[in-house]
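Each remark here refers to the structure printed beneath this line.
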């Protein structure tokens, strides 16, 4: 088990070199230092853990532990670049967990003159990476022709300022790309062993054979589809007017239904109907069952999406929510403008991506707020990178409720529950109900806890607490009220609660809960 965790850290540390190269391209010395140091520490820790661990077959119990611990270790070590560039530990963990869980909630609040996110200048100037640069390079001429923006005034290198953070913003988006790939592996390799969220749930409405008999082969197929969509979206966004850097970062966070943007204004900054249309398409793609993508691409089943009852219900929910907000959501402007704003925001929230094409949504009506929170909780489709309870579970609960009502009228009747002409077993139904109940219990408990911890914050009301927990558990990103744009006003304790919500929601609850079952640790 430890050898696998160590290998994950070695791979993570190696991948940290990529944003380090980006930082070098954009001439950010502190960024290069931060990622170089982070990579060295992460790889070293991974090699030590691998040396301690013993190789062997991984049992189901160990697989649960590996998944739960791997996400935590990735978050801890993945936060190092943020820490080295000036963020405090809590904010760094928040931003990194938000990345790897594809949540998209942020604590960043400042931007440069071009609108790109930056770390507070005071914090950045006092950061470890900045101070190491000043210590190691006494002469400004050392880096003048290489990486860095350095003042040549009398005080020389002491006036060096890290004015951009393109390397860090790339890493921020890259964590969400990696998070999406990890989620695909999660539901292929780990969740099949859990009746409540296993692969039988993902296949129950598909009438599909197993893709391949080997997890590795299946993962390669799905990762190929995933990265293919990323490449296609990058090209389309670039052609639509985005810079190559913005296109790449935005594509990383769209298919993963994550939502980080390199710009503080998000999608609002582009003010482009074409870009928004491209994003809507790929947000829906990311939130749809990847088995459907497999059928469409590899089996040439061009009607597979519309034959799928979950996908049909998903589109119905999106259309209904859009209509409700357009009509009663308090959205300003003409009818077409309201459709544009409401439609984009509904798809963004309903896919758990979290992009915004307007800042006015925070002032929409209470009816709109209720619709948004319900969309957060439901989330996207099963077998996708989206979070939430999942549309498939909602569909099964609806069918289960209808059957129970019919049995009240006809007590002796045998009424099977079917999806795509396939009967759903009682075990799957009970598992779905168990998961949904546990999800809602944790949701209300964390909402109460967050309300208590933020009681001293006069601006933090009940809507802020409920939406904060909903958006973190469902990996959406932006909330309502105080957390509509960012979590900067939340206390450190409140941020730790939010981190927990992101983690347990992304893990589909059960792998984390199993860690606290004593039988898991018995031979």
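Just so it is clear, glycine is given a Cβ too, placed from its N, Cα and C backbone atoms.
It is 169-191, from the ranges 169-191, 192-214, 399-421, that TrEMBL records as transmembrane segment. Here TrEMBL gives transmembrane segment for one range in the set 13-32, 33-52: that range is 33-52.
Counting Cβ pairs closer than 8 Å to the transmembrane segment (169-191), the top stretch among 33-52, 313-331, 428-450, 497-517 is 497-517.
Within its own chain, the transmembrane segment (221-245) is flanked in space by residues 166, 170, 177, 180-181, 184, 188, 211-212, 251-252, 254-255, 262, 270, 272, 274-275, 278, 282, 285-286, 290, 293-294, 297-298, 385, which lie at least six positions past its ends and keep a Cβ under 8 Å from the stretch. With pairs at least 6 apart in sequence, the transmembrane segment (64-87) and the transmembrane segment (497-517) have 3 or more Cβ pairs within the 8 Å limit; the two touch. Sequence-distant contacts of the transmembrane segment (370-396), counting only residues of its own chain at least 6 positions beyond either end whose CB sits under 8 Å from a CB of the stretch, comprise 101-103, 180, 183-184, 187, 201-202, 204-205, 226, 255-258, 286-291, 309-311, 313-314, 317, 321, 324-325, 329, 345-346, 349-353, 361, 417, 419, 424, 428-429, 432, 435-436, 439, 443, 466-467, 470-471, 473-476, 480, 505-506.
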